[in-house]
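Read the structure below first, then the notes.
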Amino acid sequence: MNQIPVTLESRTGTFRPPTLQTLPVGVAANMAMIRARTRSTIMAVVKADGYGHGAVTVAEAALAAGAGWLGTTSLEEATALRAAGLAAPILTWLNPAGIDAEQAAANRVDVAVGSVDELGSLLAQSAPTVRIHLYADTGMSRGGCPRSQWDELIALARRGQRARTVRVAGVMGHLSLADHADPVANAAGVADMREAVRAVRAAGLGSPLAHLAATSGTLTDPATHFGMVRIGAGLVGIDPSETVEMHGASRLTAPVVHTAAVKAGTPVGYGGTYVTERATHLSVLPVGYADGIPRERSPQAGVEIGGRRFPVVGRVSMDQIVVDTGDEAVPVGTSATVFGPDGGATPTIQDWARWAGTIPHTIVTGIGSRVKRSTA
Ligand SMILES: *Cc1c(COP(=O)(O)O)cnc(C)c1O
């Protein structure tokens with residue numbers, strides 16, 4: 001078996017290491033597309049480190065392009081945004097009962113409350129007034145207060161607001177068909193949301209900011225927009241409804257660390273699952289499944305080198321992949337693009353998702369921690 005000697009790092013240290021570069025211009029272009037489709041306030045959802053693109057980088061780009069709010073799924077993420085100097089209103093959801101009310105109030109973080117227990121735990125703490133968004137289950141059965149407990153939640157919120165322990169600043173829901181362009185299927189969630197808002201108003205809690213839609217609803221169904229829409233995937237170039245082509249907001253590059261000319265019949269990688277059909281050149285890139293390259297992928301998977309697409313061949317290893325570059329002997333140190341926004345020979349995150357039988361979200365959130373981060 002032909003053995004490819006592999007150097008993971010250049011001995012000279014001159015290679016640009018594997019890098020995930022975030023492109024704020026992509027976020028800005030996506031914000032412009034979103035703003036063309038809604039007049040509602042836009043919340044930039046930057047959970048999971050801004051879908052792998054860097055929460056602060058994405059947040060700053062989105063705010064500069066007109067977002068009014070930020071959203072996270074934990075108080076810690078929200079506090080980190082404050083620590084980075086971001087002043088916009090922030091909402092956090094997926095809060096367990098027992099969330100630190102004092103920390104929320106001190107950092108001016110609004111807290112979504114999806115159950116009587118969660119609200120009870122906030123009310124039990126003696127903290128400055130915490131702003132809350134009552135979170136109704138609008139068909140997801142994953143988060144939010146079920147209809148059967150909604151009146152009890154509102155009654156408790158009213159008591160808390162009178163005592164100035166909480167202030168009801170919003171009402172939210174979430175659509176279960178987040179990956180469909182289907183207004184008919186959304187209609188039940190929209191009706192649930194309207195009823196939830198009506199009940200809050202009827203309880204004398206004013207007219208809090210109402211928000212239901214994520215990227216898909218925003219792009220495909222104006223009836224879901226209410227006062228604010230919550231955009232995560234769309235910021236980084238993913239339209240879950242697959243109806244709008246958005247702009248990629250990141251580029252993953254890796255240097256060629258080894259190139260070899262091999263004969264026809266050379267097995268490549270673990271198990272020799274790929275055997276060269278003819279004399280060719282193989283190049284090694286120092287990224288593998290530990291860096292987020294999907295181990296399971298179709299034979300179409302490829303990378304861009306020098307403006308051409310070349311196939312990834314053999315098994316994806318933990319730390320490296322092999323590319324068949326045919327007649328090209330690619331010089332060591334040449335930068336390969338695993339994915340990027342450019343189109344043409346450069347694969348997109350949508351290409352990788354298709355090759356791996358997954359959704360682009362898992363590609364961008366799966367890039368490993370040892371891949372260097374940068375911002376264009
Ligand atoms: C993640 C999330 C969003 C954003 O969804 P996208 O489809 O990524 O835009 C909105 N709302 C809630 C409750 C979420 O958890």
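The first residue you see is number 1, and the count goes up from there.
Quick reminder: no glycine exception, Cβ is built from N, Cα and C everywhere.
A sphere of 10 angstroms centred on the C-beta of LYS47 (active site, proton acceptor) encloses 19 other C-beta atoms. The feature active site, proton acceptor is assigned by TrEMBL to LYS47 (among others).
Look at TrEMBL and you will find TYR270 (among others) tagged as active site, proton acceptor. Taking Cβ-Cβ distances under 8 Å and a sequence separation of 6 or more, the neighbours of TYR270 (active site, proton acceptor) in its chain are GLY314, ARG315, SER317. The DSSP secondary structure for TYR270 (active site, proton acceptor) is helix.
When other Cβ atoms within 10 Å of the Cβ of MET318 (substrate binding site) are tallied across all protein chains shown, the result is 12. Residues or ranges marked as substrate binding site in TrEMBL: ARG142, MET318.
Residue counts of the domain 'Alanine racemase C-terminal' (249-376) by helix, strand and coil are 20 helix, 46 strand, 62 coil (DSSP-based). Per TrEMBL, domain 'Alanine racemase C-terminal' is recorded for 249-376.
Positions annotated as N6-(pyridoxal phosphate)lysine by TrEMBL: LYS47.
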Which same-chain residues, if any, lie at least 6 apart from ARG142 (substrate binding site) yet have Cβ under 8 Å of it: HIS174, SER176
Between LYS47 (active site, proton acceptor) and MET318 (substrate binding site): CA-CA distance (Å): 26
Per-residue pLDDT averaged over the domain 'Alanine racemase C-terminal' (249-376), given as an integer: 96
